[in-house]
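What Swiss-Prot says about this protein:
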BINDING   C58, C61, C73, C76  [4Fe-4S] cluster binding site
DOMAIN    147-344  domain 'Histidine kinase'
MOD_RES   H158  phosphohistidine
Amino acid sequence: MLDVDNLDLENLLKKYYEKTNEKIVFVNKDGKVIAMNDAAEEIISKDNNYSAMTNAICNRCEGYSNEFALQSCINCYLDTTKPNDMNFQVFMKTVDNKIQPFTASYQCIDDEAQIYAFTLQDISPQIERQEKMYQRQMLRKTIAAQENERKRISRELHDSVVQEMLNVDVELRLLKYQQDMAQLIEKSEHIELLMSNLINDIRDLSVELRPSSLDDLGLEAAFKSYFKQLEYNYGLNVVYQSNIQTIRFDSEIETVVYRVVQEAIFNALKYAGVYEVEVTIQQTEEGLIAEIIDRGKGFDPNLKPQGTGLGLYGMNERAELVKGTVNIETHIGKGTIITLEVPV
C-alpha cells in the first residue's frame with residue numbers, strides 16, 4: 001500500500017471530489033443534502049430550493065433496475081430512514097432533461113453522525129457498446145432465421161405445391177390419350193382431387209404467412225381459422241376462450257397479438273411435447289390480455305433457450321412495438337404460461 005500521510009490523502013481526496021466526473025452527494029440522517037460536488041450539478045442544480053434528498057433526487061430519478069424491472073420505483077433505494085449500503089443501476093434525468101443510466105451507490109460513510117454518500121457514475125458509453133454488440137448479434141440471428149424461413153418456404157413449395165402441379169401436368173398430358181369414357185371420367189376426377197389438394201396447400205401456406213381473415217374479420221375469426229388448421233395439420237387441440245367476439249382493434253395491435261400467440265403455440269408444439277394448448281384472449285379495463293398455457297416439459301429460463309432463441313426475443317420485441325409486455329412463467333416438468341398484455 002502507498003505511504004501517503006493524512007494531509008496528502010485529504011488533499012488528494014479533495015481534488016478527486018472537485019475534478020471527478022463521478023457525481024457525489026452527501027446526505028445527513030434526516031435525508032437533507034448537506035454537500036455535493038460540481039459534477040452532481042448535471043443532475044441537481046444548486047439553484048434548486050431542495051431541503052431533502054428524496055425531493056431533490058426523486059424529482060430527477062426515472063427508476064432503478066431490480067430483478068423485476070429495468071426501471072422501477074418499487075422499494076426505492078431512498079425509501080428507508082436507515083438504508084443498507086447498496087450498489088445498483090439507476091436512470092436519472094439530467095438538467096437538460098436527458099435520461100441517462102448510472103451505476104449508483106448509497107453508503108453510510110459515518111456511522112456516528114449518520115452521514116450517507118450517494119454517488120453516480122455515467123455508464124452510457126458502456127450501455128451503448130453493449131447495445132451495439134447485442135444488435136449485431138441479433139442481426140446475425142435474424143438474418144439466419146430469415147434464411148431458414150426462406151429455405152422452409154422453398155421446401156414447402158417444392159415438396160407440396162410443385163409436386164402437386166407436376167402430378168396435375170402429367171395427368172392432363174395422359175388425359176388426351178384416353179379413349180374410354182369411363183377412364184376419362186376417372187382421370188378427370190383424379191385431376192379434380194389433385195387440384196383441390198394444390199389449392200389447400202397454397203391456402204395453408206398463405207394463411208401461415210399472413211391470414212386474410214385477420215385483416216378482413218379480426219382476431220377472433222383469424223384465431224378460429226388458425227386453430228382448426230393446427231388441429232388438421234398437427235393434431236394439436238387448442239382450448240380457446242375469448243370475450244372479444246367481433247371487436248376490432250388497431251391493425252398493429254391485432255398483428256402483434258396474433259403473432260405472439262402463434263409463436264407461443266409454435267414453441268409449445270416444437271419443444272413442449274404436448275397435444276393440447278389453452279389460449280385465452282380477454283379485453284379488460286387495463287387492455288388486451290392473451291394467455292397461452294401448455295402443460296408440457298417446461299424449461300429453465302436461466303439457460304440458453306433451444307433453437308435460435310429468436311422466438312422468445314421476437315415476442316418481446318413485437319410487444320414493445322405496441323407498448324405491451326410479455327411475461328413467461330415456466331418450470332421444468334410443469335409447463336409454461338406466456339402472458340401478453342397490450343394497452344388498448
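Keep in mind that glycine also has a Cβ here, set from the backbone N, Cα and C atoms.
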Greatest C-beta neighbour count within 10 angstroms, which of the binding-site residues C58, C61, C73: C61
Other CB atoms within 10 A, centred on the residue listed as 'phosphohistidine': 10
Euclidean distance between Cα atoms of the residue listed as 'phosphohistidine' and C73 ([4Fe-4S] cluster binding site), Å: 55
Cα-to-Cα gap, C61 ([4Fe-4S] cluster binding site) vs H158 (phosphohistidine), nearest whole Å: 57
Rounded inter-Cα distance in Å - C58 ([4Fe-4S] cluster binding site), the residue listed as 'phosphohistidine': 62
Helix, strand or coil at C58 ([4Fe-4S] cluster binding site) [DSSP, three-state]: helix
